[in-house]
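Here is what TrEMBL records for this protein:
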TRANSMEM  24-47  transmembrane segment
DOMAIN    39-288  domain 'G-protein coupled receptors family 1 profile'
TRANSMEM  59-80  transmembrane segment
TRANSMEM  100-118  transmembrane segment
TRANSMEM  138-162  transmembrane segment
TRANSMEM  195-224  transmembrane segment
TRANSMEM  236-258  transmembrane segment
TRANSMEM  270-290  transmembrane segment
Amino acid sequence: MGNHTTVNMFLLWGFSSFPELHNLLFVVVLLSHVTIILANAFIMVAIKLNHNLHAPMYFFLFALSFSETCTTMVILPRLLVDLISKNKAISLPECATQMFFFFGLGGNNCFILSAMSYDRYTAIHNPLHYPILMTQKICLHLIVASGVLGFSISLCIVITIFNLSFCNSNIIQHFFCDIDPVVSLACNLTFYHKVILFALTAFVLVGSFIFIMVSYVFIVTVVIKMPSAKGRYKTFSTCSSHFTVVFIHYGFASFVYLRPKNSYSFRDATLLAVTYTILTPLLNPIIYSLRNKGIQTALKKDIGNIIRFFSKMVNKKAQKI
């Protein structure tokens, strides 16, 4: 990598074009980051502590919440530092590492969502054999496969990009090492490289999305044959939160990574990136909390236990005084 590169340090330009917004952005990003961590932590703790949620669907949700939290940890702490620091330099190895983990975790999220759609299809299409078809071991294998596939594709992307020579500039017009802003700095980028990068990103986004949509086609086929309207509504309600998250996740990601590159500037891309680095991870736990009765019940129970615990602690201290 070093033998082909004339630039050994990048500058993350990020929101430098909006200096008047730095203080506001810092507060918004910090609050969003804390909220994302706490919301996902609450969901993971609720799933872990409540035996009623020890089912495949919640096992996948636990993995998704953990992966979403890790994804934001790759980007947001660095963004917070850059918003209050004048030194925005990032070395090539650091840039490559950030890109590897961001796209690895992003791909992992896509494949976990695919596994969740398969889980819903299996539960609805074959409910009698569901406990046999979706054992904890099979769920674990699907989670591991999602991670291995996501990070393998991410490694291919990183190797392709960082074997290029960077000599045009060292300023990345973004707040993290995203594909297009980094690739635009290469001086030996060819059509062949563009095809490889597009194929890899399309495989993750389009491939997993097609799998999810096919699963839902089969789900709808089964549900519309149900004689009871109440049964159809109940069955669809088990998929509503997942489908909403899929719509938001793929909508934002596809809009950024699959549309023609000449249709927007890097300034626009920087603003759009906020949606899938902050807004999507922020909305996902909220959606599952609002639309999933199992999660709602577990969270109410756990929050009630926490309040009672602190009330007892306060009462004990008051009695000692």
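Backbone N, Cα and C define each Cβ position, glycine as well.
Beyond the ends of the transmembrane segment (138-162), by six or more residues, the same chain brings 1, 5, 56, 59-60, 63, 92, 96, 99-112, 114-115, 118-119, 179, 182-183, 186, 193, 196-197, 200-201, 203-204 to within a C-beta distance below 8 angstroms of the stretch. Contact between the transmembrane segment (195-224) and the transmembrane segment (59-80) is not supported: fewer than 3 Cβ pairs lie under 8 Å, counting only residues 6 or more apart in sequence. In the predicted model, the domain 'G-protein coupled receptors family 1 profile' (39-288) shows an average pLDDT of 88.
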